[in-house]
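**Student:** I'd like to ask some things about the structure below.
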Amino acid sequence: GKNDYDLLVIGGGSGGLACAKEAAQFGRKVAVLDYVEPSPQGTKWGLGGTCVNVGCIPKKLMHQAALLGSALKDAQHYGWNIAQPVHHTWSVMAQAVQNYVKSLNWGHRVQLQDKKVKYFNMKGSFSDPHTIRGLTKAGKETIITAENIVIATGGRPKYPTHIAGALKYGITSDDLFWLKESPGKTLTPFVFNVSLECAGFLTGIGLDTTVMMRSIPLRGFDQQMASLVTEHMESYGTKFLKLCFPTKVEKLESSRLQVTWKNTELGTEESDSFDTVMWAVGRAPETETLNLERAGVKTNPETGKIIVDASEATSVPHIYAVGDITEGRPELTPTAVAAGKLLAQRLFGQASELMDYENVPTTVFTPLEYGCVGLSEEMAVQCYGADNIEVYHAYYKPLEFTVAERDATQCYMKMVCLREREQRILGLHFIGPNAGEVIQGFALGIKCGATYPQLMKTVGIHPTCAEEITKLHITKRSGLDATVTGC
């Protein structure tokens with residue numbers, strides 16, 4: 001018999017919505033299933049996925065709140081009379097951020113309606129390769145069949161369940177952005193970029209914040225840059241417990257949380273009390289309730305992620321997957337969106353272009369932002385050998401920092417190039433204000449195969465931080481001081 005839909009998307013996040021809306025442009029019959037399982041602490045949200053509700057959007061807005069706090073301190077040096085001390089009210093910020101997120105949830109629903117995409121607020125699972133069983137919150141069942149199915153259910157934060165009290169007393173980033181009251185004195189154990197970003201803005205709005213790291217910060221990123229980011233955070237007021245890992249969390253009579261941890265460097269056991277413990281131990285793919293085995297979709301048994309080929313196809317030809325749920329892909333909103341659109345174009349628009357995952361730019365929104373595109377220095381050495389790469393670098397001082405007498409010790413940039421005659425740029429790394437805006441522009445050039453000589457012919461915009469990239473001339477190999485002096 002005929003299927004109900006040409007395309008059914010399971011998961012209403014960035015990748016899934018992009019794919020569904022693009023497919024609808026081709027006049028196809030499209031449906032989206034989306035259901036948010038409340039977090040262990042009971043937090044839930046609307047349509048739009050992680051990025052909109054508990055990721056990039058609320059994170060960037062709260063980061064902006066912290067930047068404004070720094071700007072208030074700077075403002076006095078620029079002649080503004082601001083009564084001291086300034087005070088931040090969490091509930092005002094949280095309400096404004098949450099209202100904006102809710103407007104985005106509504107906007108996504110309206111867009112689906114306008115594009116004639118059917119939206120089911122249901123949890124989906126496979127009955128067979130073409131049939132999905134949808135279940136509402138109330139337990140009402142709907143059976144939906146589709147010619148093509150796209151899985152885009154993303155991931156959710158993991159809990160370290162082996163730590164006593166972790167699940168009962170801790171929260172994750174799924175909860176932080178929806179708190180009505182200030183989290184107060186906060187501990188965030190383990191260092192993924194979300195924990196550094198959250199710790200950064202919590203410190204910035206005046207909260208006592210501690211990061212606990214068992215090993216290296218920002219795994220997968222250039223480690224010299226990661227060290228500069230954490231150094232700046234320390235100087236900015238965030239506390240770091242290095243080479244430590246938590247062993248238990250207990251609730252005190254005062255309702256505060258007593259956390260006990262091991263210091264592996266000293267071999268000691270230590271403890272302190274906090275108002276909030278926010279776990280950041282990575283994310284787990286949302287595959288458990290999908291019944292993938294009923295459809296024959298293969299996953300990586302170690303990560304639980306769905307194995308896909310270059311065309312986003314799973315082990316079942318008409319079932320596809322995009323975004324964070326897929327094995328070996330960057331966990332980034334823009335890549336999920338682009339992959340989802342291209343998939344719809346290939347399925348229904350006679351197109352053949354595949355998603356290119358090379359040279360994807362990204363930014364970590366720590367108090368001093370870190371943006372990058374291309375290879376880290378470590379990866380370049382691994383791929384090409386230390387003798388075959390040249391690293392140009394500079395420590396610079398943003399003009400905005402001068403009058404305000406702000407420390408610019410960690411404002412740094414480096415460009416990793418091949419040493420051969422053409423000197424193709426392999427990676428660009430930038431720590432400083434507006435890092436995302438800076439890297440976004442240079443990402444185009446690097447995507448197009450830009451070389452170091454071409455960059456040297458690019459005229460800078462004066463006076464900007466990004467301009468310093470067009471003036472990079474000191475190599476690490478030379479051993480010369482890389483500090484920029486004068487303008």
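Yeah, the Cβs are placed from backbone N, Cα and C, and that goes for glycine too.
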**Student:** Let me make sure I read this right: TrEMBL says CYS56 forms a disulphide bond with another cysteine. Which one, out of CYS19, CYS51?
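**Tutor:** Looking through CYS19, CYS51, the record in TrEMBL gives CYS51 as the partner of CYS56.
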**Student:** Find, for the listed disulfide-bonded residues CYS51, CYS56, the residue with the lowest Cβ contact count at a 10 Å cut-off, counting only other Cβ atoms.
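**Tutor:** With the disulfide-bonded residues CYS51, CYS56, fewest surrounding Cβ atoms within 10 Å: CYS56.
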**Student:** Which residue, out of the recorded positions LYS60, HIS462, shows the minimum number of other Cβ atoms inside 10 Å of its Cβ in this structure?
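**Tutor:** Each of the recorded positions LYS60, HIS462 was scored; lowest Cβ tally within 10 Å is HIS462.
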**Student:** Give me the CA-CA distance between GLY124 (FAD binding site) and CYS56 (disulfide bond), in Å, as a whole number.
**Tutor:** 25
**Student:** Relative to the Cα of HIS462 (active site, proton acceptor), which of the recorded positions CYS56, GLY282, ASP324 has the closest Cα?
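**Tutor:** Closest by Cα distance to HIS462 (active site, proton acceptor) among the recorded positions CYS56, GLY282, ASP324: CYS56.
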**Student:** Around the Cβ of GLY124 (FAD binding site), how many other Cβ atoms lie within 10 Å? Please give the count over every shown protein chain.
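**Tutor:** Step by step: centre on the Cβ of GLY124 (FAD binding site), count other Cβ atoms within 10 Å, giving 26.
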